[in-house]
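Feature annotations, courtesy of Swiss-Prot:
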- 278-329: domain 'SOCS box' (DOMAIN)
- 69-98: repeat 'ANK 1' (REPEAT)
- 102-131: repeat 'ANK 2' (REPEAT)
- 135-164: repeat 'ANK 3' (REPEAT)
- 167-196: repeat 'ANK 4' (REPEAT)
- 200-229: repeat 'ANK 5' (REPEAT)
- 232-261: repeat 'ANK 6' (REPEAT)
């Protein structure tokens, strides 16, 4: 009992220390929020000089210098789509390529928020269209992740690289995995390699099959993606069978997927399909039924035309019915 009484003062002192730390934290947070609101008020009201002074004191930078703070006024304006505030800050001389500790630029923020007008303003002011974060993410990757075809098109027009090294995050794979087929369509129109394989992800077609994104799978196959290329020895058909996606399995088979392809474990697509499932029945039926002559002819002609020239099929001097047939329409 006496031991508890001796320890009580120390416990009270310790609790007082924690209470003091918490109070200081809350006070600093209140000050920061107040300054941010005040800075925004001055920007909106057009008092550029006062806004610049508050921003410089708050973020510890001067006009024209890069920001290594966690967030700069440009980042906030771009992420929230506040075009007027963004233009005001740029007119004050703030660095359009200001970065955070993770190398995130205002352009990254604008694209992630699908703020096309802000992205255009930043690009016109000289923003680095191929800026890379510490994680290897580009503004184009953010646009495709968000599903913003307008931002993606804008970035490509300003010189964004549609595909980078295989070790960096891929806009194509991101669009395919999230089902953003409009972004994928734009990337394809800019000449990406639809069969780009990233070691830990596989090809865009494989990623789309794993995510069961039918429209993206159709876009990739229509653009000439190799129906056999997946992740290592796993084919897209393995992925579709594993996900029990009958619609995707039928589509892959229509484009010539090999049902006898084996992965690293020597398993065929039918072996990874759920037992007694519809996918298993489809694969068994396809295995027992030879491909029709017209399907084999279509695959042969498309292969002869070649992936880079498939988009020219509508220009061939052929009957419309035959052109539609070659385009799976």
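The backbone N, Cα and C atoms fix where each Cβ goes, and this holds for glycine too.
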### Message
Treating G and I as helix alongside H, and B as strand alongside E, what does DSSP give for the repeat 'ANK 2' (102-131) in helix, strand and coil?
### Response
16 helix, 0 strand, 14 coil
#### Entry: DSSP-derived helix, strand and coil totals, residue by residue, for the repeat 'ANK 5' (200-229)
16 helix, 1 strand, 13 coil
